[in-house]
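Chemist: Sharing the features that TrEMBL gives for it:
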- A:20-44: transmembrane segment (TRANSMEM)
- A:77-97: transmembrane segment (TRANSMEM)
- A:117-141: transmembrane segment (TRANSMEM)
- A:153-183: transmembrane segment (TRANSMEM)
- A:190-207: transmembrane segment (TRANSMEM)
- A:244-265: transmembrane segment (TRANSMEM)
Amino acid sequence: MKIILRSIIAIYRKELQGYFSSSLAYVIAGVFWFLSSLFFFFILDNIVREVAQLDLQGQFGVSPPPVDVPSVVLQNFMAVMGSLSLVILPILSMGLYAEERKRGTLELLATSPITNWAVALGKLLAVLTFFVTLIMPLAVIEGLALSRGQPPIPLVTLLSLLMVSHLGLVFMAAAILALGLFISSLTDSSILAAIVTFALILLLWIVDLLGDTLGGGLGEMLNHLSLLKHYTTLTQGVLDLSSFVLFLSYVVLGLFLTAQSIDLFRFQRS
Amino acid sequence: MIEVEHLSKVYGSTTAIEDVTFQVEPGEILGLLGPNGAGKTTTMRILAGYLPATQGTARVNGFEVHENPMAVRQRIGYLPETPPLYLDMTVEGYLHFVARLKGVSAGDREQRVQTVLQECNLLEKRTSLIHKLSKGFRQRVGIAQAIVHDPPAIILDEPTVGLDPRQIIDVRHLIKKLAGNKTVILSTHILPEVSMTCNRVAIINQGHVVGTGSLTDLMTQLAGVSSYELLLQGDQSRIAQQLLNLSGIQSLHWHDLEDASNPRLSLRVVCDPGTELGPKIAATLVHEGAYIYEIRPTVTNLEDVFLQLTTEEQTSIEGDVISDLEGSSSAAEGADQEENSDGKEPL
């Protein structure tokens, strides 16, 4: 057990160190932070205008509907974050195994006293840590901005709202990254892995649309598989355990398939 | 130490190795010698636990690679054909990572890494990024990662391929240094490498082990065989017939001359062990009316051993060439003869 843990940590540390020495990681972080802050600004600006307009209507005697500004802002912003992640996560996961395969280092991992799934888990934890690092500063910005609202919302409410929605984002990211990990383990071309991963998660993102169209038992099943639906539930601050379970199932599936594909690949390789 | 028994590996419809058996004693360097595609890499990958064998067993230190893969992996250092290096890491960082991966305990790690840095002459490059290193240094880092966890057995797949002569000498010295307290298997298709570094050889061809033993053993077994190199001009098919009629001649190997318009013929005549057929051959040729430009007895060296052990591939190529140049009869005869000689292999 201790040995397994040690090898997972070895992989984890090596991968994290890799991000610091890779220009790709910095570029992704830069682009992600730039775009998301830009969107945050637009969303805030938008809601300020909207509220001002409602105020104006109020002055003319029409009583405006109440607007829960913090949760509207948060929901809109989390939706943007979700969409951005959709693009960024495949880029993060594309090289995880494809590069090892291309460089021949997979042969080192596969001949070390360490199981396939430990390698996969170490890699997943590392890339997830990198993603959490990406979204942490944004969570702080959101918290700061929303805590300035009038009337002020209680700190506990705000924190739990932020917590649940960001946990949702992290879990969804873990699900996507695990699937990306698997796809990366199938090929030695990073670009190909990124494209296929993107296509797959896009499908899982909107699979509930397909479910709605089909209807019936199958439709309902597809509905449950949708990433977007469960993600949206969580960003609304609803602590829905079934959503976490779904995301975790994707993670387990991804890790399992990765470990299997590494084995299978060795069997067939000439 | 390392025991390989009746090992076979089948990929789909192609058989990579079949019934490979050999042993390596502790502290020995075994050279796995064979042409490209002979199955050297497959054998080594099975030993390292990278590939499962279709049949047979392979034991390292008493642990079977399929039954107890983790135990074997801990006891083996493996350098694949392309060193498995992370180019964006420093030499020291990389070796620390591998040490951790191989389960070297935290207390011993620093000391182990320093030791292998020294052993592999990498101290001056310890903080360099691997992608800035030359090929020779990368190979040394590759060997360093194979020994960082101090395994009793080391497997090196073509450790000197693609290096310049100076680097090759360095790497060979390094390997020789390792021997004694470690058991080493190295594969190569370069003959001199075996004679310089290995105690024993296993010669492998088309997936079969065709000979094992110490170099001197293999040499003496073959020492009895005598052969002659000839350069002459004349009717090839008739010369072949006349020569093969002589008693004591095993086979003829026709060489392809670089200049196709050159009417001269070049061939090697392999005779029965202990015979002195030189004068007879010359007399036969003169009688036949052929011009002799050169007749020279050849010494059995390791290249000859190698040629004899793995001539099948060469036969077909030479046969093809000759049938293109000349009438097919002599070529067919030559090929037949060669196959016969294969059957009569002394090993």
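Just so you know, the numbers here start at 1 and follow the chain as drawn.
Glycine residues also receive a Cβ, built from the backbone N, Cα and C atoms like all the rest.
Help me picture where these features are in the structure shown.
Modeler: Among residues of the same chain six or more beyond the transmembrane segment (A:77-97), those with a C-beta under 8 A of the stretch's C-beta atoms are 15, 24, 28, 32, 35-36, 39-40, 43, 106, 123, 127, 130-131, 134-135, 138, 142, 165, 168-169, 172-173, 176-177, 179-181, 183-185, 190-191, 193-195, 197-198, 201-202, 205, 228, 231-232, 235, 258, 262.
Outside the transmembrane segment (A:117-141) by six or more residues, the chain places 4, 7-16, 19, 25, 28-29, 32-33, 36-37, 40, 81, 85, 88-89, 92-93, 96-97, 109, 162, 166, 169-170, 173-174, 177-178, 181, 185, 251, 254-256, 258-259, 262 with a CB less than 8 A from a CB of the stretch.
Beyond the transmembrane segment (A:190-207), the same-chain residues lying 6 or more positions past its ends with a Cβ under 8 Å from any Cβ of the stretch are 86-87, 89-91, 93-95, 97-99, 102, 176, 179-180, 183-184, 222-223, 225-228.
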Chemist: Can you work out which residues elsewhere in the same chain, 6+ from the ends of the transmembrane segment (A:20-44), have a Cβ less than 8 Å from its Cβ atoms?
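Modeler: Answer is 73, 76-77, 80-81, 84, 88, 91-92, 95, 130, 133-134, 137-138, 141-142, 145.
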